[in-house]
Amino acid sequence: MKPTILLYDSGMGGLTIYDAIRENLPDAHYLYCFDNAYFPYSEKSEAVLIELAVGIVQKIAENYPLDMVVVACNTASTVVLPALRERFAMPIVGTVPAIKPAAQISQTKTIGLLATKGTVTRPYVDELIERYAKDCVVERIGSTDLVEIVEEKQQTGSVDMRRLQKVVEEWQSHPTLDTVILGCTHFPLVKEELQQLLPRVSFFVDPGNGIANRVVSLLQDVKRNVNNENKENQAFCTQNSENFLKREKVMQNWGFKRLNILNFVEK
């Protein structure tokens, strides 16, 4: 039987995680929800992020028996995982910055963490750096603008390079930075553009493959809820908007039949 896997993010950046999982589990039944009503998550309070996460998973679980939930958002994952695991029985997989592998591959022991403002300031990230990158210098850039740049690229196919350059300009002349962690699920979608702007950087690291391996491992022990052999992949957003049709086209290009509006209201 096909497992049903829900992925959610504030936007469409979590599709990079979906893509990595789908490569390993091409026949699974996928649900993807982006919370555009509260996009971006980067500067939302922890209480709001938890409330949104629980509400979204609860609403979708009412209509779809879920075998797994993947929080395809670094910002949310640094906050909401304990609350989701306490509330729901299915496995919950989070997305956190790939600090451990970055520290292992950096030759100069100088790493850049490129993430949202919310992620770079979380104590959880400090703990990861202390645990896995104690011998490294970790520079941080927190950017909400970069998330919006990626969302625009997904809908238009183009990137404003001058706007992108402003995000990373402080790293362009850095003498020893050789590894950059793409600490937001949106950011792998502009990896090529970042490589152009940061030619001295040898490694760009994102957690997609690691998360996919974790999902595959956990599903081996999961008892499947129902037979989903003929179920179509479905996408959800939490608010209608003027660019709804563009977003629906993006989701269809990623293999989702249609984009539905989830009637979700923050409690």
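Glycine residues also receive a Cβ, built from the backbone N, Cα and C atoms like all the rest.
As recorded in Swiss-Prot:
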type	residues	note
BINDING	Asp9, Ser10, Tyr41, Ser42, Asn74, Thr75, Thr185, His186	substrate binding site
ACT_SITE	Cys73	active site, proton donor/acceptor
ACT_SITE	Cys184	active site, proton donor/acceptor
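The structure, with features from Swiss-Prot marked on it.
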{"residue": "Asp9", "record": "substrate binding site", "Cβ within 10 Å": "31"}
{"residue": "Ser10", "record": "substrate binding site", "Cβ within 10 Å": "29"}
{"residue": "Tyr41", "record": "substrate binding site", "Cβ within 10 Å": "26"}
{"residue": "Ser42", "record": "substrate binding site", "Cβ within 10 Å": "23"}
{"residue": "Cys73", "record": "active site, proton donor/acceptor", "Cβ within 10 Å": "33"}
{"residue": "Asn74", "record": "substrate binding site", "Cβ within 10 Å": "33"}
{"residue": "Thr75", "record": "substrate binding site", "Cβ within 10 Å": "29"}
{"residue": "Cys184", "record": "active site, proton donor/acceptor", "Cβ within 10 Å": "35"}
{"residue": "Thr185", "record": "substrate binding site", "Cβ within 10 Å": "32"}
{"residue": "His186", "record": "substrate binding site", "Cβ within 10 Å": "28"}
Inter-residue Cα distance where the pair is Cys73 (active site, proton donor/acceptor) and Tyr41 (substrate binding site), in Å: 9
Residue pair Cys73 (active site, proton donor/acceptor), His186 (substrate binding site) - Cα distance, angstrom, rounded: 8
Closest of Ser10, Ser42, Asn74, Thr75 to Cys184 (active site, proton donor/acceptor), Cα positions, binding-site residues only: Asn74
